[in-house]
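Asks: Structure in structure tokens, see below.
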Number of protein chains: 2
Amino acid sequence: MTARVLAGALPRHAGRAVRIGGWVHRERRLKSVTFLVVRDRSGLAQVVLPPEHTRLPEETVVEVRGLVTASPQAPGGVELTEPEITVLSEPAAAPPFDLHRPTLTASLPTILDHAPVALRHPRLRARFEVAAASVAGFRSVLDRAGFTEIHTPKLVGAATESGANVFAVDYFGRPAYLAQSPQLFKQAMVGVFERVHEVGPVFRAEPHDTARHLAQYTSLDAELGFVGDHHDVMAVLRDVLAGMVAAIAERGADVELPVVPAEIPAIHFADAQALLGHQPGEPDLAPADERQLSDWARRTHGSEFLFVTGYPMAKRPFYTHPDPARPGYSRSFDLLFRGLELVTGGQRLHRHTDYLTALAAHGIDPAPFEGYLAAFAHGMPPHGGFAIGLERWTARLLGLANVREATLFPRDLHRLSP
Amino acid sequence: MTARVLAGALPRHAGRAVRIGGWVHRERRLKSVTFLVVRDRSGLAQVVLPPEHTRLPEETVVEVRGLVTASPQAPGGVELTEPEITVLSEPAAAPPFDLHRPTLTASLPTILDHAPVALRHPRLRARFEVAAASVAGFRSVLDRAGFTEIHTPKLVGAATESGANVFAVDYFGRPAYLAQSPQLFKQAMVGVFERVHEVGPVFRAEPHDTARHLAQYTSLDAELGFVGDHHDVMAVLRDVLAGMVAAIAERGADVELPVVPAEIPAIHFADAQALLGHQPGEPDLAPADERQLSDWARRTHGSEFLFVTGYPMAKRPFYTHPDPARPGYSRSFDLLFRGLELVTGGQRLHRHTDYLTALAAHGIDPAPFEGYLAAFAHGMPPHGGFAIGLERWTARLLGLANVREATLFPRDLHRLSP
């Protein structure tokens, strides 16, 4: 059996008999000829149909044997003539929208309800190729920098971030929870590997229906030991972002890619509040503040990325390292990208006694954390890390209004299928 | 501040003043001199302590500035003299076992209870470097072959594999389940990307306490469209295994690596039963059978890998493609490696009507699967795939008796922490 040739490779087979396979993208009837446009993962192929033929419904999967013939008007300058068509699926049911139009004209709920078919639209599919390239870039930078990939439990005995938005699981008759982050595991593994990364699902029982929250999202996590402070973590994040952008560029995606500056500009939280004209003492930034700060970074630094550093301790989780030089502030950061908070990170506490103090100050019972706290009792270096929300990154990069548009099968308050 | 130098790189800095960082591995007192052995992710460094010094407990994290001095007896031929030692952690609590001995002498439960510290033992840590290399090899082969990495939901509305061993989740007051596999999602995504892979957690509420089952494990999944039958899937799996082995070799791990034959030997299930002297009609292989077949493959084919193909339809899940040439048998396979079933795969059904028939035959209500079944109604190519259990692979490769020894933080019937 001759090997299947992808649509994108047909020009290299001009004059030869080949076999292609793909989906019926559409039938194009012109005055004197009818074309069958076949879609595969590489692009579109044009097949010249004989005058007598059975009409095949769109999305039917076919195999076509034919002769690759030069045709200046065809995509790639070739078309398939003398076709012999075999249907590999059944004749397909009609999709609830036209997949062959330049954009998919359907509401977001309709698209999500029909995700297995809607995602076939080349523009929708391309989003996830960008996401895949981003993840490959993330790993490639960290692997080269001596990070070890880890796989941590998603079933835990206690909530790591806050008790509010956690999913409960029936674990052999006992209560368990879905991990809201790999935070404590990745920290403990700094004690083993010094530098670790993990790409995996995290779970938040978000009771709010917003355009930027999901009940499950993909977290790109990194953590590294022997840092001076959070600036060492920010430097790694900078390189990771540059690698993600480079990987997207390398795969030739049609995206307006940002330039990642050699050093991403940074502003301290207190200075950011002053810049925004807020009263000192406000503990957090509102989404509108983030947009305004991003605008400021673009205007004054020519950067689409901005670090906001030193968030008040009051708003950060118990494992946050304080800034000894500025009481009340932390050695943490958020990264804003095009107006949106995309990454959270910072230096963590690394001394066991500091953890006990911090847990007590937050009113958290240390008992469920005993196993992880052991890592700190037995010697941990100063360390820090960050977590990038993959769907937020992809959505922001591609200018998508809703993070669900960058998720294959989103899960939220209302949606548990498909 | 001078950049930190890793222990393994010290020989390249002979004669220079450097800064290292790591854990106190042990203090070695000889007659005339005392050494501090410092461990970091690259290996061990020997520091010559002054006669007067404070003893530092093992696992304390230190930074040492000193002069790299040639010393033929020292590891790597150099040691650090004139040291200036700074404690970065607190003085560490004593671990419940000696991390500096060649092997960790503690029971498996003790090791697992103290995982954050036990995994620091170089031999234990090395297992997970092998796992990380394996995963990198898996992705590298598939990325080059045009596969797209995907991230699928772990929260689902219905069990995909069987209703028995599924974890229930309280999903905003509604019942949901943890995905037992990405099976139906990866199949649906063949309709979008043709070829997909995913490395992620899967969940099985295994009520049995065995050496080869976990409540959460890491599944290396691949699925591809436009296959002729399961042999095309097996060919991809063969290349993936070769890439995994090559990646481990590349990172220089000290492992007895198997040779992956250009074509892995295969035996049909019915022939395997005959070979074992079983009555025809037995529907499955017992663990002892798998060991015997593996021995046979090694003896007669010189291969540590063996495909058993064509498992009876009765024992395979509803999405399994039957073998039209052999009624009752399927186009599926298991891969045995050194006596253990490591991979399950095969060709899947791809026609919508076949799914409705199969679900009915298995007595499964199709309603919860409606969203996924849409993919098949709208045209799917013949496709298949496989799933490799990462922990099983690592354990078998390293000769570990229990899959928990190849898991950072195992989850099972009795264990939910650390």
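Note that the numbers count up from 1, one per residue, in the order the chain is shown.
Note that Cβ sites are derived from N, Cα and C of the backbone, with glycine treated the same way.
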Asks: Among A:E149, A:E256, A:E263, A:E341, which residue does TrEMBL name as a further ATP binder in the site formed by A:R204, A:A205, A:E206, A:R212, A:H213, A:L214, A:G389, A:L390, A:E391, A:R392?
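Replies: Matched candidate out of A:E149, A:E256, A:E263, A:E341, per TrEMBL for ATP with A:R204, A:A205, A:E206, A:R212, A:H213, A:L214, A:G389, A:L390, A:E391, A:R392: A:E341.
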Asks: In TrEMBL, which of A:163-166, A:183-186, A:231-234 is tagged region 'Aspartate'?
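Replies: Going through A:163-166, A:183-186, A:231-234 one by one, TrEMBL flags A:183-186 as region 'Aspartate'.
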Asks: Within the same chain, where does the region 'Aspartate' (A:183-186) have neighbours whose Cβ lies under 8 angstroms from its own Cβ atoms, ignoring anything closer than 6 residues to its ends? I mean 6 or more beyond.
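Replies: Result: 150, 152-153, 160-161, 196, 198, 221-223, 317, 319, 369, 372, 385.
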Asks: Checking A:P75, A:H213, A:E341, A:L390 - which of these recorded positions have a CB within less than 8 A of a chain B CB?
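Replies: Sorted by position along the sequence, the hits are A:L390.
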Asks: Taking each of A:P75, A:R204, A:R348 in turn, which of these recorded positions have a Cα lying within 10 angstroms of the Cα of A:E341 (ATP binding site)?
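Replies: Within 10 Å of A:E341 (ATP binding site): none of them.
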Asks: Taking Cα-Cα distance, which of the binding-site residues A:H213, A:L390, A:R392 are within 10 Å of A:R204 (L-aspartate binding site)?
Replies: A:H213
Asks: Do me a favour and check the Cα-Cα span between A:T344 (L-aspartate binding site) and A:P75 (site 'Important for tRNA non-discrimination'); whole Å is fine.
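Replies: The Cα atom of A:T344 (L-aspartate binding site) is 45 Å away from the Cα atom of A:P75 (site 'Important for tRNA non-discrimination').
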Asks: Under 8 Å Cβ to Cβ from A:E206 (ATP binding site), same chain, six or more residues apart: give me those in sequence order, or none if nothing qualifies.
Replies: A:N165, A:H213, A:L214, A:A215, A:D412, A:L413
Asks: Give me the CA-CA distance between A:P75 (site 'Important for tRNA non-discrimination') and A:R348 (L-aspartate binding site), in Å, as a whole number.
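Replies: A:P75 (site 'Important for tRNA non-discrimination') and A:R348 (L-aspartate binding site) have their Cα atoms 55 Å apart.
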Asks: Other than its own, how many Cβ atoms are within 10 Å of the Cβ belonging to A:E341 (ATP binding site)?
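Replies: Around the Cβ of A:E341 (ATP binding site), 18 other Cβ atoms lie within 10 Å.
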Asks: If you count Cβ atoms within 10 Å of the Cβ of A:R348 (L-aspartate binding site), leaving out that atom itself, what do you get?
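Replies: A:R348 (L-aspartate binding site) is surrounded by 29 other Cβ atoms within 10 Å.
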Asks: For A:L390 (ATP binding site), which DSSP three-state class applies?
Replies: helix
